[in-house]
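Beneath this line is the structure, given in structure tokens, with notes to follow.
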Amino acid sequence: MGEYIMEKNTIILGIETSCDETAVAVVKNGTEIIANVVASQIESHKRFGGVVPEIASRHHVEEITVVLEEALKEANITFDDIDAIAVTEGPGLVGALLIGVNAAKAVAFAHDIPLVGVHHIAGHIYANRLVKEVQFPLLSLVVSGGHTELVYMKEHGSFEVIGETRDDAAGEAYDKVARTLSMPYPGGPHIDRLAHEGEPTIDLPRAWLEPDSYDFSFSGLKSAVINTVHNAKQRGIEIAPEDLAASFQESVIDVLVTKASRAADAYNVKQVLLAGGVAANKGLRARLEAEFAQKENVELIIPPLSLCTDNAAMIAAAGTIAYEQGKRATLALNANPGLDIEA
């Protein structure tokens, strides 16, 4: 008997085009990846030192049909097997989002398949459900190029932002510091690698803000790094880039881990989930593991590297919950670059 008598499997097709990855995935029951195809554009944006929205949109137009067909082929299914289509409706670059949203609407209309809109950050959080079943209440530390926030969830589909950045996101600070150190885009992995070769010997600020605040601020730290480099150049002093990278990374991680740990205690959560592109950072992963190893009642979940950066499996995972909760989008669904996760 066993697990095979379960009710019909829920098959969700996920589509993600919020920034510079064109991604389509097929996920079963919100937890099992059947296909996960990602076409990255990093090479196209590298020489500009960041994502160029116009170029990103053009690439999505070129790639979306190919990636969609590849995902269906990899999953060995047809459109008839799909219960719903989940697509990132925001936040992100409006031109990029539009490609995914319109592709999803076209397929939904042509094949009469239900449509679900997904918040990009909800996707990052639900990437963790592809690793392990989530337990509530939980806290998610979301760290990416555009977002740095602590999100409290008391149940599926309920998101309360208890802390967020007041200026730069952590990933943004990484990219800007990398540029100051003449490193290629995206800067995060380069700084992470370099930081492991150096020592955090340079005194850099940590923005703790008010004693009871779970908010973040990285603009002061970013400016301090840039000023340190400029001052050293003016004085003709040599600063070891690996030490600067290590000092910067330690400053960022100190604040992220301390605030996540404090919030986990205050909200009495069962799990802490790491989410977002910067979740791939080895230094951050190691520090979180060390911190939460000391807490007996809190389980830390860290997704594999392939599920940290933008992908569509996470959108399908979040979309499964929305679909099962009866949420549906109409064909009037539009890209919403400023979409609020708490809405």
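Numbers run from 1 along the shown chain.
Quick reminder: no glycine exception, Cβ is built from N, Cα and C everywhere.
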| said: Can you find which of ASP175, ASP203 Swiss-Prot lists as binding substrate at the same site as VAL142, VAL143, SER144, GLY145, GLY146, GLY188, ASP192, ASN281? | reply: ASP175
| task | Name the residue, out of ASP310, ASP340, that Swiss-Prot lists for the same Fe cation site as HIS120, HIS124, please. | result | ASP310
| At the Cα level, what's the spacing in Å between ASP310 (Fe cation binding site) and SER144 (substrate binding site), rounded? | 10
| said: Just to verify: the residue among SER144, ASN281 with the fewest other Cβ atoms within 10 Å, which of the binding-site residues is it? | reply: SER144
| said: By a 10 A CB contact count over all chains shown, which of the binding-site residues listed here is most packed: HIS120, HIS124? | reply: HIS124
| query | Hey, does DSSP put ASN281 (substrate binding site) in a helix, a strand, or just coil? | reply | coil
